[in-house]
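Annotation source TrEMBL lists domain 'Major facilitator superfamily (MFS) profile' at 20-454. Residues annotated as transmembrane segment in TrEMBL: 17-46, 58-78, 85-104, 116-138, 150-170, 176-199, 266-284, 304-324, 336-356, 362-383, 403-423, 429-447.
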Amino acid sequence: MVDKICEYPSKKAWRNLLLISWSCAISGTFVGYATSSINGAILFIARDMQLELVGIGLLTSCFEVGAGTGSILSGIIADKFGRKPTLLIADLFYIITISATAMAPDFISLVLCRTMLGFASGAINVIAPVLLAEFCTANTRARALTGNQLLNTSGEALVFIVGAMLGNLWFDNSSIWRWIYWLAVPPAILLLILHAYVVPESPRWLAKMGQMERSMEILRKIRRTNAEIGTEMCEIKLVLNDEHKHTNSRGINVLSRLGTPWVRRVLLLGIGVAIMHQGTGVSIGMKFGTFMLGEAGLSQRIALLLNILIGIVSVVAMSAGLWLVSRASLRRMMVVAQLVIICVHFCIAAVSIFLPPDLTRGWLTLGLLLVLMTVVQGICAPVDSLLMNEIFPLDMRGFGKGVANLAIYGTACALDQMFPIFLNQIGQPQTFAIFALIGFCSLFFTWRCLPETHGKSLEELEKQFKLGDWNALKKRRQIHKTYDAAIRTAQNGSINNIQIN
């Protein structure tokens with residue numbers, strides 16, 4: 001047990017926190033690059049390997065199969081063995097699998113390699129944001145997590161640019177898609193080195209494992225005042241105290257935790273947020289943008305170039321979202337976003353009914369896709385990412401994020417596999433009418449179930465979920481009186497008055 005808080009927290013604490021946060025957040029660039037690499041590559045892979053629509057769908061969706069599996073397994077491993085070692089293993093696997101993807105000799109090998117690349121990306125996409133959430137304070141967490149999502153979107157935009165440049169310079173070379181993957185290998189090696197030497201273990205995970213001295217040592221490096229350190233250690237101890245009571249009676253494992261009603265509700269909430277995110281149709285722009293513009297009447301060369309615009313708009317929208325989520329009500333933002341998304345899906349359906357494939361329809365489709373990406377990447381993506389990294393309890397945060405990501409990738413897998421087939425079998429109007437119907441369901445879910453996490457610490461959110469106080473959960477920061485009193489005790493320097501049973 002730690003007897004006192006550091007007398008003089010490091011003056012470099014803010015710089016340390018910023019460096020660690022960016023080291024974690026930049027992982028999103030590599031995940032985004034791998035996720036959307038298929039957008040620019042698919043035209044050349046289809047030509048190189050003579051693929052039909054079913055093959056295109058399988059090659060696109062296999063990534064999500066691997067990512068979903070990687071999400072759930074990495075979450076369990078990270079909860080048991082630590083966040084940092086799990087992240088380093090995922091980084092190494094990313095380097096191996098993206099290299100293997102670039103060398104795949106045939107369709108079956110390419111599907112297997114992309115599945116494994118998805119596994120590595122899914123693992124990184126779980127562990128890096130969890131570390132980020134557990135390093136940051138309540139006031140900086142929203143900006144940091146949405147910054148991770150911004151870098152994820154930047155990675156997607158980057159691969160659009162790479163695909164467009166390679167595709168237009170060597171359009172007749174069907175194997176040029178391999179360089180989209182090769183170009184990511186050197187930066188991925190640098191990412192592994194950065195994580196190994198800059199990112200420490202999560203102080204919250206160390207505290208959960210009883211390593212209070214190491215936890216406090218890390219907090220001294222990333223918190224600027226005694227009050228911040230005292231408050232944070234107090235909050236962690238309060239949560240651990242409740243969890244130890246649970247452990248004493250039932251044993252600490254995932255199954256026993258899922259036997260608790262409020263934990264099940266939080267897990268279902270995370271799954272619902274994940275499915276709602278994919279229901280926006282984000283894959284349409286980020287993975288099938290080139291395909292959609294080609295189907296609308298534009299040439300493949302122009303579609304590759306205009307695809308860059310989708311990426312740029314996504315990054316700009318995400319940048320605005322980064323500013324917005326730390327200031328506005330998350331629930332209100334999501335309601336407005338869902339209404340706009342429903343309208344866009346109906347408009348795309350109408351355009352495809354009344355206009356033949358030509359330049360007019362192509363440009364209108366591009367405009368509607370840009371509106372869709374602005375709303376999805378500017379509001380839905382940062383809010384959903386924020387929620388899925390905040391709502392789960394400490395002792396199963398890795399597992400909970402893994403389950404949520406499994407739901408994301410599982411839904412994306414189904415949509416990626418079925419989207420080109422639906423376009424071919426039932427037509428574009430009916431396909432987008434289905435997306436609009438999903439939008440109505442998401443709107444109801446947002447109004448009924450979405451919590452407001454703005455300005456709340458992770459421990460405070462866990463307390464509110466445990467109490468089942470949905471009125472407080474749907475409002476901005478409101479702390480339970482006894483909980484608030486405990487925090488004031490820590491700020492007065494009496495942190496050890498709170499003991500872990």
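Note that Cβ sites are derived from N, Cα and C of the backbone, with glycine treated the same way.
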CB contact flag for the transmembrane segment (176-199) and the transmembrane segment (403-423), at least three pairs under 8 A: no
Closest-packing stretch to the transmembrane segment (58-78), where packing means Cβ pairs under 8 Å, from 17-46, 116-138, 266-284: 116-138
Among 17-46, 336-356, 362-383, 429-447, stretch most in contact with the transmembrane segment (150-170) (C-beta, under 8 angstroms): 17-46
Other parts of the chain folded back onto the transmembrane segment (17-46), taken as Cβ under 8 Å at six or more residues beyond its ends: 55-56, 59-60, 63, 67, 87, 94, 98, 110, 114, 117-118, 120-121, 124-125, 128-129, 131-132, 135-136, 140, 144, 147-160, 162-164, 166-167, 173-177, 180-181, 184, 187-188, 191, 194-195, 198-200, 222-223, 286-291, 300, 304, 307
Tertiary contacts of the transmembrane segment (266-284), as residues 6+ beyond its ends and Cβ separation under 8 Å: 258, 292, 337, 341, 345, 369, 372-373, 375-377, 380-381, 384, 387-388, 391-393, 400-401, 403-405, 407-408, 411-412, 415-416, 419, 432, 435, 438-439, 441-442, 445-446, 449-451, 465
Interface check, the transmembrane segment (362-383) with the transmembrane segment (304-324), three or more C-beta pairs under 8 A: yes
